[in-house]
Amino acid sequence: MNRTSLVLGALAGPCYVVVSLLEIAFRDGFDPLRHPWSALSLGEQGWIHVVTLGLSGLAVVAGAFGFTGLLRVLFSLYGLSLAGAGVFTIDPVGGEVSFSGLMHFACGAVGFTAVTVAALVVARRFRAQGATGWAAASALSGLFFFASFAAMASAAGAGWSLLLFTAGVIVISGWYTAICLRLLSSPAAAERAQAR
């Protein structure tokens, strides 16, 4: 188990969420009922969110190397998708669809599916260990996150769907941090989980 990797992974979510919330608080004209967080990557100050997505994504990839096998692949895909979503910025609300906008959505679809599957894999492993609380939390986190993404993608930018997706992002980010910290604090449990 690579402890440095897991520490970086644990920091990814909190850094992304905190920086994004600060941006929302101080960005003139940003309305969380009209704009997804990705819209923070637009405009003169957009570079802040682009860098935040990139660094957070790379930290998730680093954290993935604290895992083995399928989980390493799934978490790496998730991290790379976050970084990719920074490279390919979202289209402005109400604007024409561009190649960058399509790629942004594609990155999200791939990465969000990957982390959802990862959460279900982790849930199964926890259940096999008898850690039913962790199993339930993992499964619910993954399913809630994916449902929030599906709602946002299908609701044509409705305010409630943006808020739901914001909640989903916070939940899945917190879950990934919690999983990394659990492996850091319990090497024996980590070895059992990795072996399955």
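Any Cβ shown, glycine's included, is placed from N, Cα and C.
Here is what TrEMBL says about this protein:
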- 7-26: transmembrane segment (TRANSMEM)
- 46-66: transmembrane segment (TRANSMEM)
- 73-90: transmembrane segment (TRANSMEM)
- 102-122: transmembrane segment (TRANSMEM)
- 134-156: transmembrane segment (TRANSMEM)
- 162-184: transmembrane segment (TRANSMEM)
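Touching of the transmembrane segment (7-26) and the transmembrane segment (102-122) is ruled out by the presence of fewer than three CB pairs under 8 A, sequence neighbours closer than 6 excluded. Long-range neighbours of the transmembrane segment (46-66) within the same chain, counting only residues 6 or more positions beyond its ends whose Cβ lies under 8 Å from a Cβ of the stretch, are 1-6, 8-13, 15-16, 19-20, 23, 37-38, 40, 72-76, 78-87, 89, 176, 180, 183.
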